[in-house]
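These features come from TrEMBL:
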| type | residues | note |
| --- | --- | --- |
| TRANSMEM | A:12-33 | transmembrane segment |
| DOMAIN | A:72-283 | domain 'ABC transmembrane type-1' |
| TRANSMEM | A:76-98 | transmembrane segment |
| TRANSMEM | A:110-131 | transmembrane segment |
| TRANSMEM | A:154-174 | transmembrane segment |
| TRANSMEM | A:209-228 | transmembrane segment |
| TRANSMEM | A:261-286 | transmembrane segment |
Amino acid sequence: MKKKLNLAPALFVGPHLILFLVFVVIPTIYGIYASFTQWNLAGSPNWVGFANYKTILFDTDSTFHMQFFNGLKNTLLFVLFTVPPLIVLPLMIAVALSHKKVKGKTFIQSVLYVPGLISISAAALIFTLIFNKQLGVTSNVFGSTIAWATHQPYAWLTIVVLTIWGGIGGNMIIYRASISGVAEELYESAELDGAGPIRKFFSITLPSINFPLIYTFVMTTAGAFNVFGQPLMMTEGGPQQSTSVLMMYIRQLAFGTGESIAGMASAMAVLLGLVILVVSALQYYVMNRNAN
Amino acid sequence: MKRKLGALVTSFAVAATVLAGCGSSNANDPKTITFWTPLTGEDGAYMDNLVKEYNATNPEIKVKHVVTSDMYTKISTVLSSGKGVPDLTIIHADRVPGYVKQKQLEPMTAVMQAQPELKEANFLPQAWGAGNIDGTQYTVPLDIHSNVMYYNKDLLKKYGAESFLDDNNVTIDEILSLKGKLDEGDYVVNDALIGWVMLAQIQNLGGDIQKDGKPAVNTDVMRQAIEDVKKINDAGLMTPFGEDGYLMFQSGNVLFSTDGTWSSTAHASVENLNFGVTNVYSASPDKFTNRASSHMFAMFNSEQRTDEKEQGIAAFLEFIRSHSVEWAKAGQIPASKEVVESPEFKNYMQSFFTSNEEETKSLYIYTYEYYPYIAEAVDKYVGDLIRGNTPIDEGLQAMQKEVEDKIGESNGGAAADSGK
């Protein structure tokens, strides 16, 4: 029997596939290729094998070695500082909002969600003004005498506050939606068994929204590894490069004011990609195993 | 089923068209000069005015000004694909040696032949010279924009410091003489554009950023420059690290602000700020320098740029040469001698820097091939160095190493060698 060719699925998937190929797969492959070359973006790349990786990973005298490890350290710190609050806070808010007696749920939800729609640069401008020692709310209302951007730990604090302010809404919406999908009977029967609110949260809510939790955890972490705008705008990487994240070094190497050092930048980017891949896989594995 | 399929095909076609549309550009239109600039601030509006004025003269080929954010990245993209390369571009002087080395700029020879007034004698020498590599002219300058020092007239009077301005050279020693004399919350200088201030000190102290073509950052002169400026910080006369010194100048708490020519319009909009402009302070009583750059017209290699277009570009550049007093409104110093010598330009504050030969010479543009790497390293480290957060030796070594490593990578030598 002749099998009829069905074009419909291909046409549904097609546009996305083309975009995925053009904007993700091809650039990724080219980026990996570039990481094995010396390239100024203008001429043709010059194949150097693993030399870039060797320099970055093992040549302790090299600036690129210092930049990679300092950048990675600061990126990891950013992940540690921001990912837990970006999971826990939205979850707490979502649970609180799911309570029957809370009024104005949609309003609260909108207030928390709107910051996520504002671009990082605009948001960072607002926050640099908030933390500005002359004009800012922090000094004029709360009497702080600190120059936030150039002193640790305050420099990190400004970055973290901005990130949480902007990032809380997205995860909260996901948790709200999944919590509302949990069957009401489960809570009712738990109540009959004498379960309190905390017991209900850990024994019913959390296991029921297991998948959205894994999803947000993995995506938030991967997003946090790619941090760039917040430290660039709030602290310019200072003081003493203590908030210079890896993407800032990569960006300056590839698209700085001088001749581009795109090969080295690509190698750093590939290594960062590997770190994200490993961390995400681990997270997924650990959380999924616990869930089962 | 057929209808469904039709709808799908249509939506697919729409998506494809939209995508294809992304790549379209009118760079191939023979009657339009596509002109990209990185002027994303209010200076972009002044350039718009100039272009509008030019188009109003009904030239054969009109100019279309496209303010392009992140322009240099986009330039590298269009250059590698060879499509959509703008006919004319404004680039910064620091970029010229790099682009020329990569053979990406077309010389201005034909443009200069078409308009004989586009010649060295008609422009400020350092602006013209920054576009000349090994005897070939690659750019025509629009302006010089420089690091300068604004002063608060009222504060100078209050602290009896008006005499600092006598010889147009405010020295670091003069600044230090105010130690212990200021009210709480007042400061002598801020740290705006501090990287440029340091690069000026190197000239003032008779040094340079290169020796025989090799970068020279870790030098005695650089150390001296950092130590001298650090003295201002240590004496408590510089606005505290991380505070908005620019704003503190505008609010009347700082005597001197070392920002750019282009800030004059912003300062002028502040009520009750009685200010003037002079040279950036100097570590030497004998010399003053204002580290400058230049916006320059350049043509990137493009097969689509016809001879007629080059004629059109020449006509436009000649128009700019004689009409760029409009550009002075953006706070810049036009590079055209005709404009800076005109009585109209004298109304602008920045005309101070072309008022005599010594002043004009003080506008210093670095033309060393690897200047951008040096500027990046200086900007990264110098704030912490003058504040005493990083030991000077350590900082100097790190800066020198960073520049050398970057040069090693960009030179096309084996990457493995660069770390040795």
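Using the three backbone atoms N, Cα and C, a Cβ is placed for every residue, glycine included.
No curator has checked TrEMBL annotations; they are predicted automatically.
Here the structure is a predicted model, which means the values were calculated and not measured.
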Contact between the transmembrane segment (A:209-228) and the transmembrane segment (A:76-98) (at least 3 Cβ pairs under 8 Å, separation 6+): yes
The transmembrane segment (A:12-33) touching the transmembrane segment (A:261-286) per 3+ Cβ pairs under 8 Å rule: yes
Same-chain residues near the transmembrane segment (A:154-174), Cβ under 8 Å, at least 6 residues beyond its ends: 77-78, 81-82, 85-87, 89-91, 93-94, 109, 112-116, 118, 120, 123-124, 127-128, 131, 146, 148, 212, 215-216, 220, 224, 227, 230-231, 234-235, 238-239, 242-243
Same-chain residues at least 6 beyond the ends of the transmembrane segment (A:12-33) whose Cβ lies under 8 Å from its Cβ atoms: 45, 266, 269-270
Cβ-Cβ under 8 Å with the transmembrane segment (A:110-131): same-chain residues at least 6 beyond its ends: 93, 137-138, 148-149, 158, 161-162, 165-170, 172-173, 229-230, 233-234
